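Peer 1: Shown below is the structure under consideration.
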Amino acid sequence: MASNFKKANMASTTQRKRMSPKPELTEEQKQEIREAFDLFDADGTGTIDVKELKVAMRALGFEPKKEEIKKMISEIDKEGTGKMNFSDFLTVMTQKMSEKDTKEEILKAFKLFDDDETGKISFKNLKRVAKELGENLSDEELQEMIDEADRDGDGEVNEQEFLRIMKKTSLY
């Protein structure tokens, strides 16, 4: 019952997300992105080779996977020129930085559940949060939530499992 899990865990977040505007980068972040772009635009044409995307992203502290890079390139380089302008690069990096913020938000939520600091969300943790949020869920429904998120079968939800289940929601 992922929907209950999502509901129980992000009641206040939903309202906040609806009210907050799309994430904006700070001037400092934009400057860092510009510097990384300029570093690879050695000939000053205002474009970089799409093959340099991974290296440029790494210079900004990201470790993109090969499949992720291929997907980004196919979305950006629709004409197959092999080049990317600053605007495209800024769009990609804004999205990546937003994802990084999202992960941090999810991990903060995880810590709220994991009040006993075991590194896992137990049935007891989930029951406490549901009660605090005024969610009237049966033990069976709570256990179903744990079972749905629990990939390694240990009966609890670790950070990776929590990230996975939360990213499946439309809340993040």
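Keep in mind that glycine also has a Cβ here, set from the backbone N, Cα and C atoms.
The annotation region 'Required for self-assembly' is assigned in Swiss-Prot to 2-25. According to Swiss-Prot, the feature phosphoserine maps to S20, an assignment based on similarity to another entry. As annotated by Swiss-Prot, SUMO2 cross-link applies to K22, with the evidence given as similarity to another entry. According to Swiss-Prot, the feature Ca(2+) 1 binding site maps to D41, D43, T45, T47, E52. Sequence annotations record features per position, and here Swiss-Prot assigns domain 'EF-hand 3' to 101-136. Summarising the annotation, Swiss-Prot assigns domain 'EF-hand 4' to 137-172 and lists sequence analysis as the type of evidence. According to Swiss-Prot, the feature Ca(2+) 2 binding site maps to D150, D152, D154, E156, E161, an assignment based on sequence analysis.
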Peer 1: Which residue, of the binding-site residues T45, T47, has its CB surrounded by the fewest other CB atoms within 10 A?
Peer 2: T45
Peer 1: Could you check which of the binding-site residues (D150, E156, E161) sits closest to T45 (Ca(2+) 1 binding site), going Cα to Cα?
Peer 2: E161
Peer 1: Minimum Cβ neighbour count within 10 Å among the binding-site residues D150, D154, E156, E161: which residue?
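Peer 2: Taking D150, D154, E156, E161 as the binding-site residues, the minimal 10 Å Cβ count falls on D154.
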Peer 1: For the region 'Required for self-assembly' (2-25), provide the mean pLDDT of the predicted model.
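Peer 2: Summing pLDDT over the region 'Required for self-assembly' (2-25) and dividing by its length gives 47.
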Peer 1: Could you measure between E52 (Ca(2+) 1 binding site) and E161 (Ca(2+) 2 binding site) for me? Cα positions, answer in whole angstrom.
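Peer 2: Per the Cα atoms, E52 (Ca(2+) 1 binding site) and E161 (Ca(2+) 2 binding site) stand 32 Å apart.
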Peer 1: Starting from the Ca(2+) 2 site formed by D150, D152, D154, E156, E161, give every other residue of that chain whose CB sits within 8 Å of the mean position of their CB atoms, in sequence order.
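Peer 2: Result: K120, I146, A149, R151, G153, G155, V157, N158.
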Peer 1: Using D43 (Ca(2+) 1 binding site) as the reference point, find which of the binding-site residues D150, D152, E161 has the shortest Cα-to-Cα distance to it.
Peer 2: E161
Peer 1: At the level of the C-alpha atoms, what whole-angstrom distance separates T47 (Ca(2+) 1 binding site) and D154 (Ca(2+) 2 binding site)?
Peer 2: 50
